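Chemist: According to TrEMBL, the heme c binding site annotation covers CYS69, CYS72, HIS73, MET192. Sequence annotations record features per position, and here TrEMBL assigns domain 'Cytochrome c' to 56-152.
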Amino acid sequence: MAATRKAVLAAMGVLGGGAAGVAYALNESVKASELELHTSHFPWPHDGIFSSFDHASIRRGYEVYKNVCAACHSMKYIAFRNLIGVSHTEAEAKEEALGVQIPDGPDDEGHMFERPGKLSDYFPNPYVNDEAARAANNGALPPDLSYITSARHGGEDYIFSLLTGYCDPPAGVSVREGLYYNPYFVGGAIGMAQALYNEVLEYSDGTPATSSQMAKDVATFLKWASEPEHDERKKMALKSMMMFSLLFVISYYIKRHKWTVLKSRKFAFKPPQ
């Protein structure tokens, strides 16, 4: 009877597990979130354990953002001073700041005015408010790009794939007017038109401005914007590993030195005569 009971319980367990597996598979197969194409992982130069950002790519990515992306997307948490020592010198960052007009005020008469930017100013918003942004983009609100790689699954892989993934919709898929088909976007229909084309701008360092090159550079720039401490964090990790390795050797030596007498001593029992 005990063996029969065990066999019945085992069979019920197998059937229950199989039923749960089938239910899970069916549930996952009909999820709308699976309608988008998952991005591949690309070999970014900063992916290594102790690898730093390609700072030339960050500078080019800033040029792409400034000339293409800034027309619709804000980066309200990044200031011009953050560029110093990363992609620009202090003089170059000041020149970039002077090139924009920043709303300020009120003045002595209570009026708002515009002034040239300073290093302490943040990147300007292309729209006055969210309602103006929606009105200019068919009801869609362009997201702020300050932390976009941290806010999207896939990070810079997703950004690169999205910018280079525009194509015609497959047979049987229709996209309404004002939207564009991109298999990497949830649902496939995105309100942002393709922004990067070959030679849409000229890089200051002479790098050929292909669409894939620009997508790679702006993805690197946005990754840096999301994690500006990236290089310092890895440098500190390397220093910590070197320091703790030395401390481990010293600690092991002291432990052996202190315990060698205790671990090597001998107890001899001599019964009374």
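Using N, Cα and C of the backbone, Cβ positions are placed for all residues, glycine too.
All annotation found in TrEMBL is predicted automatically rather than curated by experts.
Help me picture where these features are in the structure shown.
Modeler: The Cβ of MET192 (heme c binding site) lies under 8 Å from the Cβ of CYS72, ASN137, ALA140, PRO142, TYR180, each of these being in the same chain and 6 or more residues away along the sequence.
Over the domain 'Cytochrome c' (56-152), the average per-residue pLDDT in this prediction is 94.
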Chemist: Which has the fewest other CB atoms in a 10 Å radius around its CB: CYS69, CYS72, the listed binding-site residues?
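Modeler: Checked CYS69, CYS72; of these binding-site residues, fewest Cβ neighbours within 10 Å: CYS72.
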